[in-house]
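> Can you keep this structure in mind? I'll have questions shortly.
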């Protein structure tokens, strides 16, 4: 196995690449508010106490007035009208100010002139917001007049009230067409095909609420939103959260145990005759493909019990197989020989469907277009080529677009090609505009992989570091991961686990390293291999299954550690898969 600085092609060097009835807040803005607490609150407007404006509770400076108003909003959202009204009365803190209460009732009553007057009194400072709100109110007035056949009054509203606002001129012209063309009908808020939908007034209030500052009208379901945000933050901070199974309780802080991480060898695959360089699970998690320096690739099938069995051995390459790539729908697979050719195989039959080659120029990487209709590859002449499935060359990107040791990937929308163009630089090529952006590292790049959401790039470096880059918009480095060992060979890393919350990497010390992606903390080191671990793949459909490929000629499948659980009063040992795997819950519970 050659070093990364060798001139000769080293082994393991090539990279692979019901809205109307609900109203606002489940009924706060109803067309008929008489039976709702909101009507009761309007019947007795309350003034904020002077001490209530400044009083804070807790240790984080939470304003009591805001806290009480948000609780009231939650009560009304849940339908507890009497309780909400009692809270307003006992606290002396109204859900809405008296002017906002009047404004809401005017909207519900269709008192458009009154609502426009109140709009200037409810505490909105920005003139643009007032104009936009006025436009929305007058548009509702316009449509209701049309709906009642009052054509001339609607025209007057358009000319003397809506047009003078001098905003949204395109919409004004569209409104004019409803008067000029008798073919338009009012049916119930979206124009098209000769019809326009008339919104209920409660929907208008919801739209206005989204426009207004939250101090004027509290956002819908604000307390629930804050609680959900808190739960999300707790999960993100949990080092071992790796299961979507189980209920989340508000009565305790979120916590998962270490048993959520696949850290026990549950199967060893030893069908390769030489070093295993690369492996990758299919998108649906039903297959695993591996490639080896024994000139072959193997497709493994994940059985219903979680065990893997050999489905096909793919024979045909004359050199070591450096990488594989699954088609978008997992029915075909590409294999790339080391500076040789790319072959396309049928997963069901194991038959080779096409060979892609470029004369005497060797191929060094392979990947699919997102629609599965094209094949991409990096070449030893530092170009990138795109073929049709029939092997005909469609496009070629010349110049230093790749290096002899290179990965190549495409974003799932097909807009970006990502490849290594220099020893310390990754190139992001916009396929449509041909604009190029780059990530420049201080150290030599060993490999990279793209996150499922296309937002992040994980780069493995020669100095035993993994760098996480955000590639959306302005490219920036967001995290570093350290601890694994790499001195001479290609060592690959991957995203994985629930929501790709973890980073896993091979290592030349024969171990697998797992970090929590958000915190950067090393949480597991998996022992078992007797040679360098070259590649890791996390099953995208099963966060509790991990695979590792090694120079010891084996593939290890990692699952959850065995657990002792009680069944019908008897102790029983169960492992982490369906064939006896316990169902592992978040918050540390396992059954």
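Here the Cβ of each residue, glycine as well, is placed from N, Cα and C on the backbone.
In case it helps, TrEMBL gives these features for our protein:
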REGION    1-26  region 'Disordered'
DOMAIN    103-153  domain 'CTLH'
REPEAT    269-303  repeat 'WD'
REPEAT    314-355  repeat 'WD'
REPEAT    499-525  repeat 'WD'
REPEAT    526-561  repeat 'WD'
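Thinking about packing and proximity, how do these listed features fit into the structure?
Long-range contacts of the repeat 'WD' (269-303) within the same chain, counting only residues at least 6 positions beyond its ends with a Cβ under 8 Å from a Cβ of the stretch, are 1, 11-12, 16, 309-315, 317-326, 328-330, 333, 335, 337, 345, 347, 350, 490, 492, 531, 534-535, 537-542, 545, 547-551, 553-557.
Across the repeat 'WD' (314-355), the DSSP tally of helix, strand and coil residues reads 0 helix, 24 strand, 18 coil.
Using DSSP to sort the residues of the repeat 'WD' (499-525) gives these counts of helix, strand and coil: 2 helix, 13 strand, 12 coil.
Only residues 6 or more beyond the boundaries of the repeat 'WD' (526-561), in the same chain, are considered here, and those with a CB under 8 A from a CB of the stretch are 1, 12, 242-243, 259-270, 272-281, 283-286, 288, 290, 292, 300, 302, 306, 308, 452, 489-498, 502, 504-514, 575-577, 581-582, 584.
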> By Cβ distance under 8 Å, which residues at least 6 away from the ends of the repeat 'WD' (499-525) in the same chain are close to it?
236-237, 239-242, 258, 261, 263, 451-453, 458, 460, 466, 468, 479-489, 491-493, 531-536, 538, 546, 548-550, 552, 558
> Could you tell me how many residues in the repeat 'WD' (526-561) are helical, how many are strand and how many are coil under DSSP?
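When I sort the residues of the repeat 'WD' (526-561) into the three classes, I find 0 helix, 17 strand, 19 coil.
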> Determine the mean pLDDT over the domain 'CTLH' (103-153), rounding to the nearest whole number.
94
